[in-house]
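So the structure is just underneath, and the comments pick up after that.
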Amino acid sequence: MPHTQITLDCAQSQVPRVEALLEALGALAITLSEPDDEEILEPGPGEQRLWSHLRLTALFDAATVDPLRLQARVAEVLGAPPRGWRVERLVDRAWERAWMDDFHPMRFGDRLWVVPWGQTPPAAEAVNLRLDPGLAFGTGTHPTTALCLRWLDGLPLQADTRLVDYGCGSGILAVAGCLLGAGHCTAVDNDPQARQATADNARRNGVGERIRVQGPGPLPRAGADVLVANILARVLVAMAGELSPSVRPGGRIALSGILRGQVDQVRACYSSWFEMERPEYQGDWALLAGTRRG
């Protein structure tokens with residue numbers, strides 16, 4: 001399948017907003033590099049980007065992306081035409097998997113490790129999630145995914161826990177929840193490629209029978225003990241009336257994909273349903289958690 005690669009330069013302070021826009025417009029993968037092209041991909045948990053300007057390279061399905069429209073949207077976010085804008089058409093799949101060279105085992109919380117498929121877990125006695133995300137979002141290296149993984153690691157998930165992973169991407173949160181003890185998970189995504197990646201990763205980790213993968217649709221009322229949604233803030237706002245009642249009274253919710261400046265807006269949409277906790281932050285990104293009111 002041919003792909004279109006978009007490259008641009010922007011200030012570090014603008015990266016989260018541009019990343020969020022590119023993801024919303026269908027980016028399959030995003031690479032970050034410093035001016036001399038030393039790739040860092042996504043920073044690991046606790047790491048900080050050290051350069052004042054960064055280069056973003058995003059991969060899109062060539063059949064669905066409009067580079068001119070995309071350039072105009074990026075210019076709106078930046079307030080000026082993007083610097084270093086370059087459009088390339090790619091034929092082979094080698095670039096899509098380049099991140100694998102820099103994807104190493106990572107620990108989240110007290111128990112959970114995310115380990116690239118084919119590598120040896122550093123701690124055999126830990127909860128080890130073997131991951132091959134394909135082209136779906138979610139390796140654990142992005143701050144939003146890392147925040148959600150640490151949150152799940154801190155929950156007392158049990159065999160009767162019903163988990164919903166809304167916007168499942170690679171399935172990393174659904175699989176992690178089941179490996180950490182949840183008996184059943186419903187994983188939802190509108191992208192067929194993400195649903196396939198989730199099913200594959202669930203099977204490889206031995207939890208395929210406990211994860212139901214589906215496209216968007218009505219969720220059972222009060223059917224979830226735990227719901228995690230790592231999507232964009234504007235989608236969380238729009239779906240508050242659908243996601244909130246799907247969590248049972250006393251159940252837990254975690255919302256991520258939220259920039260610092262979007263926290264108050266998202267919290268306001270869910271606070272009538274949930275007793276919201278103080279946000280957790282990693283860099284410019286936030287996680288909001290809460291307990292469903294009775």
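Each residue's number is its place along the chain shown, starting with 1.
Just so you know, glycine gets a Cβ as well, placed from its N, Cα and C.
Owing to the predicted nature of the structure, the values given are computational and were not obtained by experimental measurement.
Swiss-Prot lists Thr145, Gly167, Asp189, Asn230 with the feature S-adenosyl-L-methionine binding site.
Thr145 (S-adenosyl-L-methionine binding site) falls within a helix when secondary structure is assigned with DSSP. According to DSSP, Asn230 (S-adenosyl-L-methionine binding site) is assigned to a strand segment. Around the Cβ of Asn230 (S-adenosyl-L-methionine binding site), a 10 Å sphere holds 27 further Cβ atoms from the protein chains shown. In the three-state DSSP scheme, Asp189 (S-adenosyl-L-methionine binding site) is classed as coil. The local packing around Thr145 (S-adenosyl-L-methionine binding site), expressed as other Cβ atoms within 10 Å of its Cβ over all shown chains, amounts to 28. Our reading of the S-adenosyl-L-methionine binding annotation (Thr145, Gly167, Asp189, Asn230) yields a largest Cα to Cα distance of 15 angstrom.
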